[in-house]
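Below: the structure, in structure tokens.
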Amino acid sequence: MTKVVVGLSGGVDSAVAAFLLKKQGYLVEAVFMRNWDSNLNFDIQGNPTLNDICPQELDYKDALKVSEQLGIKLHRVDFIEEYWQKVFMSFIKAFENNLTPNPDILCNNEIKFRAFIEYVTTKLAPRYIAMGHYANIIYETFSEQKLFPQLACAVDQNKDQTYFLSQLATKQLQNILFPLGNLTKQEVRQIALENNLINATKKDSTGICFIGERNFFQFLSNYLPAQKGDIKTLDGTFLAHHKGVMYYTIGQRKNLGLGDFSSQKPWFVVGKHLQTNTLYVEQGNTHPYLYSDKALISDIVWRGKKTNLHLQAKMRYRQPNQDVILTWIDQNTLEIYYPQTIKAVTPGQICAFYNNNICCGAGVIKEVYFQGTKRLYT
């Protein structure tokens with residue numbers, strides 16, 4: 001029998017993935033990974049579960065019950081140190097530099113598809129490694145008739161997770177299986193219910209990857225002390241004080257503390273200036289400064305050929321893909337122009353590129369422009 005190891009989180013998606021693989025005749029083993037320790041990592045303020053049983057341990061109990069139901073062996077591994085160093089400290093450093101990072105993408109790059117794969121390959125030696133992500137892998141032929149894995153969108157467009165996987169290198173996709181890629185979330189739930197899986201009705205995990213739901217300002221204040229500064233309009237009019245520019249993101253509407261200046265149009269963050277610790281706001285969700293037509297993308301990870309310069313881009317999860325024109329600056333940097341202006345393109349976020357349903361690669365949004373002028377987003 002062909003051996004496959006599944007990353008089993010305790011949630012319904014990975015449970016159904018393991019069930020389907022066993023049904024298909026694979027020799028299935030599972031691994032549960034724990035990557036966060038609230039006490040060790042000073043996760044105090046903003047943590048609603050601090051005085052409860054550790055959520056990760058509850059997830060482990062669910063994973064254990066699922067493995068017993070399915071008759072598969074469950075292993076456990078901790079990547080708490082690796083997550084702290086490779087994911088969380090990069091996350092905090094980005095905020096310190098006035099950027100808005102995506103920890104889920106960092107987590108996939110450094111933990112799920114690097115540390116986890118290295119551990120499983122070394123310790124368990126399977127033919128394949130499977131995950132419960134909503135994505136697909138197809139193989140294309142390039143030079144020397146070799147087959148290369150390409151990341152493709154899931155059938156369920158609402159749950160598609162290729163954006164979060166977009167910065168994976170080609171080698172990280174080798175021998176990976178995504179059993180849920182051709183199923184909808186509703187179908188996954190139905191499979192779990194029909195087969196009496198213990199977590200069939202368990203809620204999906206939300207919040208920061210492997211950390212969970214948090215009061216974001218309070219959570220960040222555990223690691224980044226508040227730095228009070230001015231909130232101004234673009235013409236320099238002072239309105240109020242903010243808690244620290246790193247706590248806000250471009251396009252943000254809520255929690256600005258501008259109720260005394262309310263009118264028919266709500267306020268939005270349109271700029272952040274780190275050197276002066278100034279937060280810029282304007283009224284109306286169609287304010288011109290919220291929009292851009294060009295961006296510089298760095299730290300590119302690309303899979304396959306670079307010949308197509310007319311692609312689609314996604315600059316935040318579940319955003320509709322936008323037509324873009326690419327200009328390569330060097331191997332790791334490109335400039336994109338989008339004929340239709342896009343709202344709240346934010347430095348530090350990931351820009352993922354698509355050729356129809358194939359996710360070609362991604363990079364970090366570095367700078368944002370409109371009609372040749374750089375936006376004051378950093």
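Each residue, glycine too, has its Cβ placed from N, Cα and C.
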Listed co-binder of ATP (same site as G7, L8, S9, G10, G11, V12, D13, S14, M33, source Swiss-Prot) among G132, G181, G229:
G132
Expressed in Å to no decimal places, the gap between the Cα atoms of M33 (ATP binding site) and Q349 (site 'Interaction with tRNA') is 26
Between all pairs in G7, L8, S9, G10, G11, V12, D13, S14, M33, G132 (listed as ATP binders), what's the biggest Cα distance, rounded to the nearest Å?
16
On a count of neighbouring CB atoms within 10 A, which of the recorded positions S9, Q349 is highest?
S9
Taking just the CA atoms, what is the gap between D13 (ATP binding site) and H133 (site 'Interaction with tRNA') in Å?
8
Which residue, out of the binding-site residues G7, G11, shows the minimum number of other Cβ atoms inside 10 Å of its Cβ in this structure?
G11
Around D13 (ATP binding site), how many other CB atoms lie within 10 A of its CB?
25
Work out how many Å separate G7 (ATP binding site) and Q349 (site 'Interaction with tRNA') at their Cα atoms, rounded off.
26
